[in-house]
């Protein structure tokens, strides 16, 4: 692609010939976007380590190292250079780990990583090609394979962490026992749950950072939250005695974690503004539907995977109208 | 600031756009200099959109500055003139930055001719009337443009007389004189507006007279307050509106400027004429004024030589056909770390590999980028981040268009309106995966079957 302008007689700088534009936004790379996600996950990661101590550290290490290892392995098998530099495997691993309960056995994280990277990403052709969020594919797989290790009971196992880790998760308590939870612990995160989901404020903090960096598209979390708030409000009006308010719906469970860190995965979410609204509102509504009517207390994994699957269709039906209208038939 | 204001004012005039570092400060304070006479100029027979000129001179023939040396056949075409006095030599062929192989008419400079300050005064100096221009017949003005070889100096080099020719079926109500110069780095239009606003105003009045436009707007991005002040005082009493637009690339594109200053949208596949608007560049307006009022053809143009890859950036007035090398030498030559010589600005310009490439009527600048300024991201997979969609000023979906073009999937390319792209480069500037979106789209537009 490069040509030499100056003949040998007049030595000068070596000039290259290349298509434009010749300048690019400084410091904007795929790696930087992935790093943004890791930075944004720092608050919830910190809360999880505070709550679950070395259990959290162990799960995160298994997830991140597992995903990176399998990514490297599959790249070798395909004869590709190491893709670890783009940090996407680290992001998948961290999100997967943060979606597990502290008590999950070590092999759960490892099998989850294998499936997340292998089935979730590599079989589709690697980064950018997958239809479903890799971390959620891994999470769904282990949920089916190890129901005992990941069911409601797993969250309540006695351990050597802080006392709260033996309580039922707020959503389980609400669903099975009809118990409401005080709001403040839900916001701060001093409740039981999957590693990363407990602190609503941590999710908000990281999520707002992601949106400000424009690494996450703000329309998606806003759509999810708006849909969940609306449906939660209706539910609340229908059964005010339950004491489970809109804020409980938003702050409890994985809604915010999913809204900001999982649903916003650009690869598996729509490209167009209108598509993002449809996708976000769809996830929010699906989560609320699953929470209300399914056998599980939570529905973020299923809702995200479902709307991931709908994304190619959403994209196809929301192609923006060009300024000035479509290209005329004869041109 | 202006972005925030537009939030209150309703929808912004066009979607997307970018704010790259403009680096105008490299050359915007450098007053116009007249390039010392080059030893030789090589004048391409095709510097414009349309039919090439057919040369009317022979080797060893003596020509004088401004003499007509060729003319196109057909309506969409123009004429060419000797940009120096001298002797014609044997014609050659060269590749212009846009990739076209074109025949050149070389002229070796010889004999007495205006230089330095005299040349500046001849082209741009002195008094320019702004009253009584209505006595010029519209058809005469358009004919003078063709005779003087006037083409758009903003870059596309479309013959100006075609834009100005009156058409009963498509009346023109507004003439927009485009002084946005939204390309980063380039400052030649800015200098012209500051140093020679009078011929721009006169040219605007004449062009409006030719096209039958009742309203004249000169649009300048608000990062050029000096130009706005100079134009406002030069245009006082003429009824011309000097409008400061928001500074946002690509404000200077016709499809962006028309909505921004007039609130009207140019239909896709159409031209501003479809909405009763003619847009001409400020330098074109000045050249038009000279052609009509002083009978001088388009022989010279102002070229910004800028970028960190050149030692002393400046704005040079030079004859058409001047080799790039002469301009670079006049600016102290290439710096050690020069990486790309771009004909035009860094967003839409083309790199050249041959420094003997001649300046054409559409060469607005030479941007010499240093290693550190050049975009250098290794291409990786698209992660569908959607930034290209966010910044596209035409609300297109560049990543889908580029992928469709790459895999020659014309059905998808059509679905995503491949042909609507104006190649402004916002998507490529923004892409974190370093995908050559514009290159893929441009190739696709050229290769896609039209039926």
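Cβ atoms here come from the backbone N, Cα and C positions, even for glycine.
Sequence annotations record features per position, and here TrEMBL assigns transmembrane segment to A:33-51 (among others).
Summarising the annotation, TrEMBL assigns transmembrane segment to A:57-75 (among others).
Sequence annotations record features per position, and here TrEMBL assigns transmembrane segment to A:87-104 (among others).
The transmembrane segment annotation in TrEMBL covers A:110-128 (among others). Taking Cβ pairs closer than 8 Å, the transmembrane segment (A:110-128) reaches residues 30, 62-63, 66-67, 69-71, 74, 78, 80, 83, 86, 88-89, 92-93, 96, 100, 134-139, 141-142, 145-146, 267 in its own chain, all 6 or more past its ends.
Per TrEMBL, the feature transmembrane segment maps to A:140-158 (among others).
Positions annotated as FMN phosphoryl threonine by TrEMBL: A:169. Sequence-distant neighbours of residue A:169 (FMN phosphoryl threonine) (same chain, 6+ residues apart, CB-CB distance under 8 A): A:152, A:155, A:191, A:192, A:193, A:253, A:297. In the three-state DSSP reading, residue A:169 (FMN phosphoryl threonine) counts as coil.
Look at TrEMBL and you will find A:183-209 (among others) tagged as transmembrane segment.
Within the same chain, residues 40, 207, 210, 245-246, 248-250, 255-256, 258-260, 263-264, 266, 269, 273, 276-285, 287-289 sit at least 6 positions outside the transmembrane segment (A:216-234) and bring their C-beta atoms closer than 8 Å to a C-beta of that stretch. Positions annotated as transmembrane segment by TrEMBL: A:216-234 (among others).
Sequence annotations record features per position, and here TrEMBL assigns transmembrane segment to A:246-264 (among others). The list of residues near the transmembrane segment (A:246-264) in space but at least 6 beyond its ends in sequence, with Cβ under 8 angstroms from a Cβ of it, reads 37, 40-41, 44, 95, 98-99, 133, 135-136, 169-171, 174, 180-181, 183, 186-187, 191, 193-194, 196-197, 200, 203-204, 206-207, 210-211, 216-217, 220-221, 224-225, 228-229, 232-233, 235-236, 279-280, 283-284, 287-288, 291, 297-298, 300, 303-304, 307.
According to TrEMBL, the transmembrane segment annotation covers A:276-296 (among others).
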Could you tell me whether the transmembrane segment (A:87-104) and the transmembrane segment (A:33-51) are in contact, taking contact to mean 3+ Cβ pairs under 8 Å with a sequence separation of 6 or more? yes
Six or more residues out from either end of the transmembrane segment (A:140-158), which same-chain residues have a Cβ under 8 Å from its Cβ atoms? 100-101, 103-105, 108, 111-112, 115, 119, 165-169, 172, 176, 192-193, 297, 301-302, 305
